[in-house]
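*Asks:* From TrEMBL, here are the annotated features:
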type   : residues : note
DOMAIN : 2-217    : domain 'Dynein heavy chain ATP-binding dynein motor region'
DOMAIN : 465-579  : domain 'Dynein heavy chain region D6 P-loop'
DOMAIN : 611-749  : domain 'Dynein heavy chain AAA lid'
DOMAIN : 755-1062 : domain 'Dynein heavy chain C-terminal'
């Protein structure tokens, strides 16, 4: 019938068919759906969806005539009109069973059956729904899938064995049934016998015959069960292949949590699994054959799935396959796995005297945690740091390729590859992406570290008329040329390929094209499906019905779409997904620009020398804009999606203005290209400044000098007049790896980029695991960990701030009203009181839920998972302030904020203010200006906040300044503050953030302020820098811009991405 043979599925089947209430089956893999359809394929099964307009009419007919109904794909709420059916509100009138449905009473047939399925993997049904139905979880389990795949493996490898097993199962069941019938007959005759049973010859003969028959059946059953055990023992020899297949499926299934387009049905997977069993290399030696099968299944699944993944997710997919296999073998413990995902958490500090002076504090904290994770494996690391100091420094701490270096001393032999990866996470976390790829290569081979080549022909070969091919697009990707090339090779060029771009009103046209092509064998390509999500439901119905009709063997449907959560899952699950991202890097970007350019475009200007110089500089600028995005906020506050059309528009502007004007219009081109064409997509004020600065370095009079270089490396320049082919050859000679200097960034930006990649890797894997990191620990252990954390935080939350306890100076009145900084403090206290209230209530609810006193609701479940993964609960974030720290650091930072504010409240205004400790530091800046405004009778909008960076830390400030305030606690990114020269200087190698000394904020009349030799440095709350844009054009993350002394030009620091931050992410 299609239902797996494991006990879990069998029990589910019994509940679904024998329960008093109609079943609502949680069925993300479609097992229950398939089972119901198979069970009733000859019984006129009615399949309906709540989204269909006439579903009630179909249901009414089924109830009236006693037909089974399958209600598919319901959400978390059911239609109220179903209530009489769900509650079976049947009543009798004139001897006939009736049910009130809609506005009518309809005859109710006892043969009617209703089955409800949902594809939601983790739905939260309200109690009022649960009491009306029997909720059954048909989600496939690891063991259940193993048993299913084991049947496939044995059926392929030993069909005789599987056939004999099936025959024995039937025989045993038949004999048990016969035995039961004999026993029932004897009991019946005994019950109905009259007189002395010893005189009842028929009964005695029946008993004698039954005894012989029963004995024979028992003998047969005994022999059959022995044979069955022998068969099962032989079958178990193939279980390792089924285990591997089951592991890989669950990795693939979890990809949907990373991107909604990564959908693969269980049926598709099993079909592919069986295909590989049949196509793999044969061997008569069982051990060799098993090894071949496991390797073939693993490699083929990797290739088939990888072709539909974005590049950034391929290494994660490979790693999760390898790690899942090792975890199943217990080669990776649950504690080690959690450490890889979550990182260090300081609980029991080591003796500080053991710490070598050269070991950074963050590394030491990581080693402390590793010692708790596995004392036996990582215990020798501590003495090794002293015994092999030089090796640790050169090979690990300061090496450019630490992931390829051996671990010093005997640890290189004693540690597993995964344990070495954990050490890399501790010492050089930013290299974790490279280390993860290296780990995959060591454990599984180089095959899994390389992306399979783009093979559109292979995808086409694997397709069928009823299987759509889906291009999952990324910004800048265009597959039209590839499709046209394939169409030409397959004889489908010209009229054989119909391409239509979806949008408003295009649905009916697309339907007509498909209808015609399905009969004539043409290809149809529907572009930009994400722009027609309302029509995709119709497309789903068309594809569903296409399985029931005969299609032309040459018909193919091609779809293109950007990732969209609204794309119908059934289409994705049954289709072949393909990605083809544009190449990355300066050379690849420039190469693509000049490869697409025609000779007539390159030579088509009346000023060829100037035009070619400008065209190359524009292409270089376009590549800079795109590639700076990889550096995160240091590159751009917001990663904008520039398109190829922006570049083409810029080229047209260059040609137009060069030909129109006698002199080269540098200023005009800067404005038109940078500020309007490219700047039109930019929404952040500080990004606009960066954009203009990048263009200024390229579009200026030195560009026409053949000796002018775009970067200090002298590799990049606009080539002298030459042909398009010469320009292409020059581009192909450029380096593959881009140094940060090309973008105007410091060498440390590479570390920033690597950290961003590592952060994305870990967050993607946590997302892929659905919020669960352990996967091996017991629920009680998790409960204990979360409860310990709940109690620890609860115990530290103080009572709400009370202004009655304030010092006399705190809210001192000036000019008849509370002083401005006192007003600011009052607002801050209200905000912190609100946050503490939310924390107390949610912590108490979570504690009660863990104890089982209240229901573990969806929000509490997310909070519980978040605590295990060191994530801040959403309720706290909503009531709190922007912060990117993990939970343990967040709580320490939070309690420090409370201490600082409490100290200000009780002891009066401090000498210097910890600016990062405020909810709303922008309000503090306003308060500082208001104080000065009232004292000097100056309008507040005539003032700006200027600053003087002092050469000492907060401890050096003994008294408040004569006016304004002292602040501390800021960090500089992209540069450092040199306390010797008292100016901005270049960052030290490897130091991404520089702790700023105390800063004196000075309110000043804006008309009197004329800064010289200074860099206007923006200050942000967090390192993302991006936030919600306000009406002023500033991000809500932005606090203020302060002028910091500098010998170098503004442009130098702008291109460096230099900014100050209120807090770090750790």
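Glycine too: its Cβ is placed from the backbone N, Cα and C atoms.
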*Asks:* Average pLDDT across the domain 'Dynein heavy chain AAA lid' (611-749)?
*Replies:* 92
*Asks:* In the domain 'Dynein heavy chain AAA lid' (611-749), how many residues does DSSP put in helix, strand and coil?
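*Replies:* Looking at the domain 'Dynein heavy chain AAA lid' (611-749) with DSSP, the answer is 87 helix, 0 strand, 52 coil.
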*Asks:* Would you kindly check 2-217, 465-579, 755-1062 and say which stretch has the most C-beta pairs under 8 angstroms to the domain 'Dynein heavy chain AAA lid' (611-749)?
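*Replies:* Out of the listed stretches, 755-1062 contacts the domain 'Dynein heavy chain AAA lid' (611-749) most.
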*Asks:* Looking only at the domain 'Dynein heavy chain region D6 P-loop' (465-579), what are its DSSP counts of helix, strand and coil residues?
*Replies:* 51 helix, 24 strand, 40 coil
